[in-house]
């Protein structure tokens, strides 16, 4: 009933209204009770003393709220992310759930989410309208929730049998937890204020005090409410109660009702007395607990955000005598927890370093120190549990320092013997009368160090300054390898020496020796003796070093893999320094090309890199045919980037799963070892151009003309299909334009397309001796353009002067004479040389265009007749008969084991 219909006067209604405003101001979300005001200290205390159960369950409810919001807006991707977080949070709260039971709100969200996903899955139209991410997330989440709900089948079944009761319980729990409901509600509804958390364990100490204080404040507020209800027997108070009920419609069933009869008043009075008694009992109990807590002194109030200072762990109890046995026992204790779940690897490394300090302070000898340092380095390698994860910079630097310190100790004390074959029972760590024996392998540590360095370089952005900083560490890595090499040359076995030699080779073979190159270019007469001595003292040339290391491996190694890698690196180094004939002979003598397909992928990548470098070396020497043959397999596959270990193709182009992709990424070569793919393709295309254009001109009318390079022909066809031909921009367009010019015999235009500022910057300036390469290219273009000109226009001339050809192509007369003589000898050009007049006399033996067409027609008719006879024989069943061959007369039908017959086999022999 509204206050405008009360029987009292206006002043009475106004006074009742003003009283109502002062006493009962309903606040949204906190009905029927004044807000609880806390001081700053009390708020801090509340944050500190919250139990683990409160925190875990609140985390779950927050995630559930986010999932429900995402369900409302059909954001399945968000549901998937939050569900994964929810599963992790539930796993953290597993110990609490085992004690208290599975919360009903958790069962409810699992059931609701599964129903929601099934609804979306059955909605075919809705699925079509979903974006790609939501559709993928729907499929993934549906599978996960079905698998996850198998552990909660009984709970979900109970919930689905009585969903209304569960929903009411959850609503009461959430409402009472957020509002802090009164004890009277607890008596009436049977649900406590913390029922949301189910059977909440009783807090102890300060947390008990704090919760008791909140409960007392609640009771005070409830008492004040009861007094208000006692004075609300008048009509104005009942009206104001009705108005309050109107303002809080959603929570009306939780609010108290004014007593209307005498019995209700007596019952309310009795409840107040009971409450006052309970309140008094609780206060007295709280005072007793405070006294106990003050005596015990277990709880201490701390301020949030202040970091706690951790004391260093004590290795040994105070007064313990530090001996070898005690230190070794402590070392074994530390190593026993290595690799176990929950072990802090950083703390383990700190403990081992502290143990080294204790051993050195107590003069326990270098044997114990060496053993502990071996374990420190091994712990550094095991710091990252994932194989693909690389070391952090500080860990990497610590690892290098530890290995250097270990090598200093081993070199300084020659009486220490280390090795994997030494058993722990036979170790000698403290008896200095005999040689010290320590179990451990320095070679294994160095190999792991080298692998970690490779991983660091693989996982660093090659175009950043960070990569350059990491690359500077290679000097330290190489220095450590050299130290271990000298150490093992004195004390190591043959197998260990071969392995460390291979590590040294792998850090040397790809580097161009500029100092040795300069010494070759500089004549010894022009430099003083002191400069020569200084050059000699700088160190041995890389060629001499590679020769010495590789020959030792060739002679002593018993494993094929190390020898194969050494041969390939040796060939690569020869080719890199333009020693073509040594590199070629070593490749042919090794016969690696026959069985390289049986090697493991890293060795195959090294083989591909060596063949590519061999082809580039042949190109620099002007051997275009050898260069083309060496690069043919890599370039014709279209997968040069992947075959050289310099990147992966798109995943859609090749079937491989994530694990295979991770393995292949670990095989990738670091960026500073890469070969320029554009330079490689340019060398291949230019070599193909110098071979293909004269061949095409010589066999222009030959129907059986074969292709030397399919990739080159593909680029020519792409260029011909372009509707508009502008100036070339890319490297491929330059080569295609140069090919067209060479086909016309215009060597100057061809030269301008191949050698210009743009091509110099992209390709030719990258060679060590760029000027020599450019000079060689010009010479090759002139010679091949001359051959192409003679093939193309020989039918036009009766005779042509060699001097004219010399002037036209700017070649000296002996070179022109040599080229024409070779063409005549090889029967490529039907002509003869007139020596006195220095002219080339053409012989009209080449068929005309009409004759060429007639020959082609005759050949096609012959093949048609042959096919007709083959079909006839097949129908008659005479497989062993004879048929007429166009060239060789009658041949027995022996080549019909597969489709295409003898003619197909014969045509294949031309390749």
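Cβ coordinates come from backbone N, Cα and C, glycine included.
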Which residue range, 520-540, 541-561, 562-582, is the one TrEMBL calls region 'Disordered'?
520-540
Region 'Disordered' per TrEMBL sits at which of 854-882, 883-911?
883-911
Among the residue ranges 1-44, 45-88, I'd like the one that TrEMBL describes as region 'Disordered'.
1-44
Taking a Cβ cut-off under 8 Å, which residues six or more beyond the ends of the compositional bias 'Polar residues' (155-165) line up next to it in the same chain?
102, 104, 107-108, 110-111, 114, 149
Measure the Cβ-based neighbour count of residue 522 (phosphothreonine), defined as the other Cβ atoms within 10 Å of its Cβ.
13
